[in-house]
Amino acid sequence: MKEVVIASAVRTAIGSYGKSLKDVPAVDLGATAIKEAVKKAGIKPEDVNEVILGNVLQAGLGQNPARQASFKAGLPVEIPAMTINKVCGSGLRTVSLAAQIIKAGDADVIIAGGMENMSRAPYLANNARWGYRMGNAKFVDEMITDGLWDAFNDYHMGITAENIAERWNISREEQDEFALASQKKAEEAIKSGQFKDEIVPVVIKGRKGETVVDTDEHPRFGSTIEGLAKLKPAFKKDGTVTAGNASGLNDCAAVLVIMSAEKAKELGVKPLAKIVSYGSAGVDPAIMGYGPFYATKAAIEKAGWTVDELDLIESNEAFAAQSLAVAKDLKFDMNKVNVNGGAIALGHPIGASGARILVTLVHAMQKRDAKKGLATLCIGGGQGTAILLEKC
């Protein structure tokens with residue numbers, strides 16, 4: 001079976017909710033990332049066999065957002081494209097799917113990744129088609145309904161984090177300490193330029209000229225444990241999950257060029273990392289945040305590795321509670337986890353997050369000369385996904 005490698009890995013900066021990227025459609029963010037990924041891989045647009053992009057909040061975005069992004073990026077019309085929705089795992093699943101397609105011999109070069117603009121999610125008028133007879137009407141927030149709401153238990157994702165905090169006995173203090181560490185690491189990473197090689201600037205044209213967005217907006221520099229402790233529970237009256245120890249609502253695109261090793265050699269491309277294995281798992285939706293535990297175990301078993309062998313770990317921080325539960329039970333060395341901060345600080349643009357953490361992992365492995373890496377996320381509805389990489 002073919003060996004699969006990552007030829008390039010790029011992302012846009014992560015925009016805060018309603019801030020700099022709020023008027024940039026997800027497909028435009030995706031197109032920007034695709035262009036840069038192709039350029040950095042050193043390949044021609046016509047070398048690409050397929051485009052697979054994750055996107056969750058698709059209402060009002062138009063047919064097949066991945067195809068739109070491909071067109072806007074200037075790829076040839078003959079290249080097919082597919083949009084994947086595996087909620088928070090979408091962007092990572094596109095990469096494992098690309099690897100599977102390449103291993104099967106059906107393609108040699110695939111653009112994979114994810115894109116999301118949560119700021120642009122519309123409100124839905126579900127009964128408008130056949131007319132409101134009289135009285136008040138209700139608008140439904142598509143961002144909440146399609147992205148952040150447990151369809152099985154009829155409650156917010158935040159409650160699933162509360163469930164984990166209770167079941168695993170994870171205190172408010174532990175969650176806040178974890179969140180603070182994420183903020184501090186992200187602040188240091190941004191100030192020291194750790195993300196410069198992975199971020200492609202987004203240029204926004206306006207009446208007053210151009211605005212360039214090239215720095216993550218979500219981190220709160222100067223965060224303190226005292227400040228986090230003052231925040232009230234966000235989802236449950238006596239709960240422990242707050243806006244400070246949960247991830248944000250964000251806008252971003254992240255894209256990777258995935259290739260067979262033989263094609264990379266043929267084209268003279270120097271790969272960044274090899275995709276070793278991937279895992280996927282389902283769990284009780286009420287504790288969806290625990291999904292990475294099983295997905296990681298599956299990927300580790302396939303690779304024949306142990307957790308101790310991992311040099312770097314990108315474990316998406318949907319909530320501090322679920323991140324801690326997974327880390328404790330998998331016995332992660334916390335010095336290896338999210339070394340440049342995670343989603344609590346950087347943000348969680350749901351359809352893009354899987355690709356975003358993988359892009360960040362690839363670059364961190366290069367900078368730190370780390371041999372083995374893991375990227376994993378929990379998924380709303382009760383799932384987990386994971387990918388293992390080896391530096392080339």
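Note that Cβ sites are derived from N, Cα and C of the backbone, with glycine treated the same way.
Swiss-Prot has this to say about the protein:
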type     : residues                      : note
ACT_SITE : CYS88                         : active site, acyl-thioester intermediate
DISULFID : CYS88-CYS378                  : disulfide bond
BINDING  : SER96, GLY279, SER280, ALA386 : acetate binding site
ACT_SITE : HIS348                        : active site, proton acceptor
ACT_SITE : CYS378                        : active site, proton acceptor
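Everything Swiss-Prot records as a feature, shown here on the structure.
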| residue | record | Cβ neighbours (10 Å) |
| --- | --- | --- |
| CYS88 | active site, acyl-thioester intermediate | 36 |
| SER96 | acetate binding site | 23 |
| GLY279 | acetate binding site | 23 |
| SER280 | acetate binding site | 20 |
| HIS348 | active site, proton acceptor | 29 |
| CYS378 | disulfide bond | 34 |
| ALA386 | acetate binding site | 29 |
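Taken residue by residue with DSSP, SER96 (acetate binding site) is part of a helix. On the backbone, the CA of HIS348 (active site, proton acceptor) and the CA of ALA386 (acetate binding site) stand 17 Å apart. Counted over all residue pairs in SER96, GLY279, SER280, ALA386, the record's binders of acetate, the longest Cα to Cα distance measures 10 angstrom. The residues near the acetate site, meaning same-chain residues not in SER96, GLY279, SER280, ALA386 whose C-beta sits within 8 angstroms of the mean position of the site's C-beta atoms, are LEU92, ARG93, SER277, TYR278, ALA281, ALA295, ALA298, ALA299, THR376, GLY384, THR385, ILE387, in sequence order. In terms of C-alpha distance, the listed recorded positions CYS88, SER96, GLY279 place CYS88 closest to CYS378 (disulfide bond). Spacing of GLY279 (acetate binding site) relative to the residue listed as 'active site, acyl-thioester intermediate' is 15 Å (Cα to Cα, whole number). Taking only the Cα positions, the spacing between SER96 (acetate binding site) and CYS88 (active site, acyl-thioester intermediate) is 14 angstrom. Separating the Cα atoms of SER280 (acetate binding site) and CYS88 (active site, acyl-thioester intermediate) is a whole-number distance of 13 Å.
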